[in-house]
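The domain 'MARVEL' annotation in TrEMBL covers 1-208. TrEMBL lists 7-29, 79-100, 112-134, 183-204 with the feature transmembrane segment.
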């Protein structure tokens, strides 16, 4: 079981790096608020912000805002990135302490700590992944909302075939459509959760073997 824990911790390190790469590759779309062709700013429907000011170059404009409680895609991505960083550090510590076979890694208290840390991080990654799903897929959180019809109406233009040669605002497109990198990050997030669950299972198994065979022989 300690060997399996080492393998799983190394797997979590790789998964966290992959999550960071996938999420970071989409951050650029959240930094832009406008289109030069439309001549104005297109703001994502973040809480308290307006969606619009299409027409600074055309002489007209409109805007409407969405209510609070709407998941900010930037906040969702930041949450998942921060959890990936915490998981990376925790898995690295578990891997190093287990590989060098220090005295601390031969105690039941060490594996109890591994169980507690893995449970906390696994739960937080689960929350971060769910929040990330809601953040990158606005129509998923639009159902049942009083502003759901407006959000769906805005994003429907990207769910149906567009006219050839029609200009598509890239910032709004990447807001409404789940990119392949975002889908991969979601899958990797759930894989991290499964890896932590397996670490908990084998840590419990290790503690039981310590009771049976004595902690000095377990490794």
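Cβ coordinates come from backbone N, Cα and C, glycine included.
TrEMBL labels come from automatic prediction, so no person has curated them.
Keep in mind the model is a prediction, meaning the values are calculated, not measured.
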**Report entry** Distant-in-sequence neighbours of the transmembrane segment (7-29), which means Cβ under 8 A and at least six residues beyond its ends
**Finding:** 74, 77, 80-81, 84-85, 87-88, 91-92, 94-95, 98, 132, 136, 170-171, 174-175, 179, 181-182, 184-185, 188-189, 191-192, 195-196, 198-199, 202
Report summary line: Confidence over the domain 'MARVEL' (1-208), expressed as mean pLDDT on the 0 to 100 scale, is 74
